[in-house]
Amino acid sequence: MRRPMVAGNWKMNGTRASVAELIESLRLQTFPAGVEVAVFPSCLHVSQVLGGIDGERIAVGSQDCAVQNGFGALTGEVSADQFTEVGCEWVLVGHSERRLVLGETDEVVSRKFLAAQEGGLKPVLCLGETLDEREAGKTLEVVGRQLAQVLDDHGVSAFKSAVIAYEPVWAIGTGLTATPEQAQEVHAAIREQLSRQDRQIAEGVRLLYGGSVKADNAAELFAMTDIDGGLVGGASLKADEFGAICRAAGN
Ligand code: PEP
């Protein structure tokens, strides 16, 4: 039985004051005991969030980490070791905004996946196709290629301690959501790809859906067999909405 997870990606949002408000409002939310909840604030606000929330209810992750682990000369980057040392448990790796805006390749994403695990963080590996790729009928090929890079580099065992998020690029921040059937088709293909290497590991890996998840569409997405929760962007900045999504994952 896979434990559902809801992860909130706060992206490049927040001031000290607004983050303090969000922490306060999250305190008032009821989260189902069976659901793992995590938030991913900006790097600047990670310590503030860690200091303000109850770590038993909500875990904290970073939105990215450096390609190499440890400490040393890599100006502007933050390593997995550094995030772990302050109390983070999770890290997003390969979010489409980083792939597309910052040019992160499959190889770079794979290096970050490894660096994350070496530094004690659990990666949430983000995969997803653009609208052009979907319209060209290449969704499964693109997502399969993104996953294969990490699988080939680090082996299926690396997924014992990782989560995968399928996030169609055309659904992120656009208000468009994949239908539950569209999402399920890709999730099933991801699990099948893992299963070809190790069935037991494949059955245990949590697959989150991301792309305009809201309180009013979460339940139907989470009802699908291979959707084990959500990676939530915009709606995670509103505590009531985020709480409702977490509760939907618990049903
Ligand atoms: C995301 O950025 O991971 C995301 C899913 O964003 P949104 O929910 O706003 O589409």
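Counting starts with 1 at the first residue shown.
Glycine is treated like the rest: Cβ placed from N, Cα and C.
Feature annotations, reproduced from TrEMBL:
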type	residues	note
BINDING	Asn9, Trp10, Lys11, Gly173, Ser212, Gly233, Gly234	substrate binding site
ACT_SITE	His95	active site, electrophile
ACT_SITE	Glu167	active site, proton acceptor
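Here the features listed in TrEMBL are placed on the structure.
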residue : record                       : Cβ contacts under 8 Å, 6 or more apart
Asn9    : substrate binding site       : Phe40, Gln63, Leu92, His95, Gly210, Leu231, Val232, Gly233, Ser236
Trp10   : substrate binding site       : Leu22, Val39, Phe40, Pro41, Ser42, His45, Gln63, Ser236, Leu237
Lys11   : substrate binding site       : Ser42, Gln63, Glu97, Gly233
Glu167  : active site, proton acceptor : His95, Ser96, Cys126, Leu127, Gly128, Tyr209, Gly210, Gly211, Leu231
Gly173  : substrate binding site       : Ser212, Gly233, Gly234
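The secondary structure of Trp10 (substrate binding site), as reduced to three states from DSSP, is coil rather than helix or strand. One residue stands out among the binding-site residues Ser212, Gly233 for having the most other Cβ atoms within 10 Å of its Cβ: Gly233. The substrate site is defined by Asn9, Trp10, Lys11, Gly173, Ser212, Gly233, Gly234, and by the 8 Å test on Cβ atoms against their centroid, the other residues of the chain that qualify are Ile172, Val232, Ala235, Ser236, Leu237. Taken residue by residue with DSSP, Gly234 (substrate binding site) is part of a helix. Looking at the residues that bind substrate per the record, Asn9, Trp10, Lys11, Gly173, Ser212, Gly233, Gly234, the two CA atoms farthest apart are separated by 14 Å. With the fewest other Cβ atoms inside 10 Å of its Cβ, the least crowded of the recorded positions His95, Gly234 in this structure is Gly234.
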